[in-house]
Amino acid sequence: MEFLKQLEVWFVVGSQHLYGAETLKQVADHAQTITNQLNEKAGLPLKIVLKPTGTTLDEISAIARDANHSEQCVGVMVWMHTFSPAKMWIPALSQLNKPLLQFHTQFNKDLPWGEIDMDFMNLNQTAHGGREFGFMGARLRLPRTVVVGYWEDKGAHEKIARWMRIAAAVYDSRKMKVARFGDNMRNVAVTEGDKVEAQIQFGYQVNYHPVGDLVKVINDVSTGDINALLDEYETIYTLTDAVKMGGAYRESLYEAARQELGMKKFLQDGGFGAFTTTFEDLYGIHQLPGLACQRLMQQGYGFGGEGDWKTAALLRTLKVMGTGLPGGTSFMEDYTYHLEDGNNLVLGAHMLEVCPSIASKKPVLDVQRLGIGQKAPPARLLFSAPAGKAVNASLIDMGNRFRLVVNNLDVVDLPQSLPKLPVACALWEPKPNLEVGAEAWILAGAAHHSVFSQAVDAEYLRTFAEMMGIEFLLIDENTTIPELKKEILWNEVYYKLCK
């Protein structure tokens with residue numbers, strides 16, 4: 001995610017000329033101090049760039065226009081140091097097409113009780129200046145985030161950092177290219193969707209690329225590059241005897257390395273952020289790309305199996321959000337249940353393609369037979385996810401809108417080993433429990449594929465949905481089926497009448 005180092009958030013401080021030159025100078029000085037401190041000490045993922053103080057309609061509008069056209073600016077953070085009449089902000093807010101955060105803070109932490117005079121009161125007016133700005137945001141029906149807190153407090157820093165990560169994911173989404181190697185799995189419904197509407201809504205450029213074009217790139221990979229990658233495998237994974245030098249499946253591992261290098265080159269050369277494969281279209285490919293997909297996900301690419309481009313794109317989005325955070329993010333599928341009384345669990349996995357960023361221990365690299373796809377036994381990494389909090393997220397096309405469904409999870413350690421299971425996995429209890437969680441997921445129409453993450457939580461995804469203007473449904477410990485049904489019906493009416 002090297003591109004994140006080039007991105008920035010613009011900081012615009014609102015005031016007006018009513019208070020005079022001396023007050024405006026203090027406003028500018030305070031804004032610079034806050035900017036410097038946030039950049040140097042807050043641990044934010046993106047750089048803050050202070051813009052000139054917004055004191056007139058024309059000044060503020062010019063900043064918004066520049067923000068829209070900037071290739072580095074992913075969002076705008078505003079602060080009303082003094083009172084800044086909100087009618088001055090109407091043109092800017094009406095045209096701004098980047099995420100917006102209102103930082104409701106003030107320069108001084110404590111009131112100087114014995115020293116307060118009207119000069120102090122005129123300078124430090126965020127308490128009511130922020131409310132004036134907030135009214136205009138509400139009046140214009142703007143999706144926006146409000147962070148309330150002192151600018152040196154860790155809690156405020158964490159909220160700003162969260163918003164920055166989501167804004168960066170929106171920026172990435174607007175430019176995202178998704179390569180589809182083959183089509184969707186035949187006759188599957190939920191992996192379909194309106195690609196034109198997806199580009200309008202999210203920016204996704206989803207296009208088909210013949211598998212034969214990929215095969216040409218794979219076949220051109222050099223022996224030296226393959227051997228170097230095999231050396232890397234031997235360094236970072238535990239290899240089974242079957243794939244070690246001289247092992248029965250060493251040649252299959254060699255082909256898997258060739259696949260990874262070829263696929264990565266294709267994606268890099270084309271500027272793709274996500275991709276899909278399907279076991280029904282492997283013409284010219286030696287084996288189903290399992291290991292390659294796993295490792296490319298760990299490098300930040302979005303992936304979807306069976307042509308699932310919506311999940312691939314969403315996975316890329318969560319990879320961007322979670323960059324540098326503890327915990328991993330992976331393509332996932334609800335595979336089978338454990339229905340023990342009082343301990344109902346879901347075993348999540350896929351045929352091969354689970355990202356090792358969620359591995360609790362050093363993965364095992366192996367080659368085993370796969371009874372689907374009718375190709376040679378494929379390479380794969382074997383591991384399980386660590387216990388802890390997680391989410392499953394599913395993006396679906398409802399015809400007149402996109403819906404993002406999120407379920408909070410409690411991931412648990414495997415109670416027993418799975419010596420015959422030849423794929424990576426995670427074991428979890430959905431919130432509030434399997435009975436309600438699964439029923440709610442099904443009623444919402446969420447897919448059998450999902451994005452599983454232990455790096456970001458549901459609030460990241462709620463804010464992302466707000467920024468993108470799509471429907472959001474959360475299944476958590478407070479969910480009840482009657483209330484969820486009502487929410488679905490209310491949303492249906494809203495999107496038919498208001499969108």
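Using the three backbone atoms N, Cα and C, a Cβ is placed for every residue, glycine included.
Worth saying up front: this structure is predicted, and the values here are computed from it rather than measured.
Together with Glu306, Glu333, His449, Swiss-Prot lists one candidate of His286, His350 for binding Mn(2+), that being His350. What surrounds the Mn(2+) site, by Cβ distance within 8 Å of the Cβ centroid and not counting Glu306, Glu333, His350, His449, is the set Gly304, Gly305, Asp308, Thr311, Phe331, Met332, Met351, Glu353, His448 from the same chain. Around the Cβ of Glu333 (Mn(2+) binding site), a 10 Å sphere holds 22 further Cβ atoms from the protein chains shown.
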